[in-house]
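Take a look at the structure below.
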Ligand SMILES: Nc1ncnc2c1ncn2[C@@H]1O[C@H](COP(=O)(O)OP(=O)(O)OP(=O)(O)O)[C@@H](O)[C@H]1O
């Protein structure tokens, strides 16, 4: 307590309850004083003798705030009847003004460390350590190479991490992710989006997917990378219309179906004008294009791609709607570069020759003169930069440069199963059935659809299930594999519904249907019911929409009730089960009608393409060529010669195309996409982080200090629960409690457990909470160190160096908020000591100590400030040098690359050059601020 007398109107701070704000004396009597804290409405009565109160007194030069919101810079202080009146200049009007302390802002919370220290606003000394460590960890986080990737709840799969690292760090990436079905394009996109957001490159993200995948994307983004997207549909937009704002501007992360935008031109316009940093389009093979008739979807995405700087297109089957459409999708990514289809084909031809020429680089044998010459002919610029080619390392360098300069390599990433180990086998089970009388009439007719799907004959609409032997086969098949799950895919929603009805009427088997006639919520319910291992449906009957993007790898049996006409669609169907996470061999069951077009299609896929038991990357190429033969054979199933010719031609073509593929341009593309030899360091860094205990230790202490209860649950899991004594709300902490783990293995097996990592929002919120609060800004603690002089004291001053620049420039990459800790002894000499504080110094003693040491400590703070500035100068100097060297290298690489690869955009180079200039300026003006002070006294 101050020795001063209390007078009504004076302003005092509570030393024990600083959250009450600034109090005013409202009554004084002989023994006690009553203080009202207007900010919270609380009043307290204290005994005058030992009231835990500090008089708030400002001095010349301080800036103070009035209750009415204006500020005053104090130039003179006068006292009348025990109450202070501040005189000075108002900041808003620049006029002279007076502010009696009675009119000071009640909300005042001292936030300057020295103000808090000298006004005895002290916290437990552990908060100083938490502030310091939070800053140190945050600093490490922003400089780490694994940011946005290490915290994803995924298995570490090299090709995905490579693509994520390669694309996620680009400025405004525009790429086509085209891995074969089920290799993890959604995960790659999630990792890219997450990195872009975490590093400040992107804030606003729009994801467009087919209707049937909206919910799955929502769940994957949340579950894998903790990003909560908002689903937009008409009812949501409608509800937001009243506000008059563009509904798409109300959220940063938006997920919607592409159909929704197609059906509502107004929403499309709003989405266009809302402005995004990044757009993701899944199942991009639907964006069909031809010069005469581009599809509506294509035009819609084209408009968006024209204004959104970052674009990720995803498709497993880029050639599904023809090579021209593939070209058109590349054009969405870079219209300047892909302007003419014929030119593109010529270029492809050249890249294919280059890929051939690269083959010798993969072997350890020395290159002969002819091989070198061929490389020089095809890639003169790259070869000019590489002279010696004998060593493995030199070959690898050249290889990587060639990959880099490879035509579409920078914007097209395609991995094939063939290059990735660990996929299960696929086994085909065919069930030829007798062709019923009623279906005979479509055989040899002129309607291909009816020939393939005879159940659609109008005369049979309501009774085909009674006569089609595939139905009975299904009813017998299901019990034979019970309780194993079965996914059935057929071409139409009606077929799926009718089969569902038959199963309902004629068997007690639990089933569910999934088709385009159902709402998204109904479909998700159906998929969820199917996925329930104990109580769920044994069979899910899907129309073709079930064949895209969905994750059904928990099932091992796939029934193809009919067959699609294109190999890509067949691959999409099988891909529901044959995807990462499938644990058993996949059983593919195909019932078909003997002597019908179905049997032709079956034999074509099986014998002509071998497309059931393996992925068939050449399928669509063969299909394009044999289409007339295929249709002919389907229309004449009773003339075996047609089918034989079809199968024979397809086999031959398939072999040829496979051989071409093998030799052709894919090798460079695949090397580029798989990251072979490039991704090891990243994976090692993530594994090292996974096994480092720093996070769990730090979070354990931090959560404890915040007041979160942590209960060990076994299995490396903890339950976190809020308590009544929390110092403040922690955003992201589930009020009902949440189970967390720091172990990747647990997080990837137990769905409901949160994976806490340096990327996790709860960790960020907890650190932000400490750093934005005043907790720990001033404290006094005891150490008990026999080797140091008893009674000696030190001042620890924590400074923070910050460069102020927009997040988009990523100042954090070179100068994240950097803590500078200066420790001085009583003589003001810097010492290299870190303290293990045993206990806080009692409040009364701390106050006495601070009073006694105030002049000395003020001096020390001044010395510490000087030292911090000089350290900061060195840090800044290094940061500017690193920034210039790193970004300079990036510019040079792109400039070199541009000579041989026009896929490098000028805007990429310009962006980095501008970034260098802006960062240089921001770093030069970085600012050092005192963040916290702690006095440490040795009391062994
Ligand atoms: N690294 C990973 N860790 C854990 N699960 C993964 C990983 N990669 C992929 N998966 C799982 O494998 C399945 C296939 O991944 P994903 O959906 O990303 O593939 P896709 O290439 O987008 O498939 P499609 O071509 O069918 O659209 C999903 O269930 C996904 O959750």
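From the backbone N, Cα and C atoms, a Cβ is placed for every residue, glycine too.
Within the model, the domain 'Helicase ATP-binding' (166-336) carries an average pLDDT of 90. Positions annotated as domain 'Helicase ATP-binding' by TrEMBL: 166-336.
Annotation source TrEMBL lists ATP binding site at 179, 180, 181, 182, 183, 184, 185, 186. Around residue 181 (ATP binding site), taking its Cβ as the centre, 22 other Cβ atoms fall within 10 Å, counting all chains.
The motif 'DEAH box' annotation in TrEMBL covers 282-285.
The domain 'Helicase C-terminal' annotation in TrEMBL covers 470-665.
Summarising the annotation, TrEMBL assigns coiled coil to 643-674.
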Using the Cβ center of 179, 180, 181, 182, 183, 184, 185, 186 as the ATP site position, which other residues in that chain lie within 8 Å, going by their Cβ? 316, 415, 575, 579, 580
When a 10 Å sphere is centred on the Cβ of residue 183 (ATP binding site), how many other Cβ atoms does it contain? 25
Sequence-remote partners of the motif 'DEAH box' (282-285) [C-beta within less than 8 Å, at least six residues beyond its ends]: 176, 185-186, 189, 207-210, 213, 217, 301, 313-318, 320-321, 325, 329, 548-549, 568
For residue 185 (ATP binding site), nearby residues of its own chain (Cβ under 8 Å, 6 or more apart in sequence): 177, 178, 179, 282, 314, 315, 316
Listed in sequence order, residues with CB under 8 A of residue 180 (ATP binding site) and six or more positions away: 316, 414, 415, 416, 417, 571, 575, 615, 617
Within 10 angstroms of the C-beta of residue 179 (ATP binding site), what count of other C-beta atoms is obtained when all protein chains are considered? 24
Let's check the environment of residue 182 (ATP binding site): how many other CB atoms sit within 10 Å of its CB? 25
For the motif 'DEAH box' (282-285), what are the DSSP-based totals of helix, strand and coil residues? 2 helix, 0 strand, 2 coil
State the count of C-beta atoms found within 10 angstroms of the C-beta of residue 186 (ATP binding site), not counting that atom itself. 22
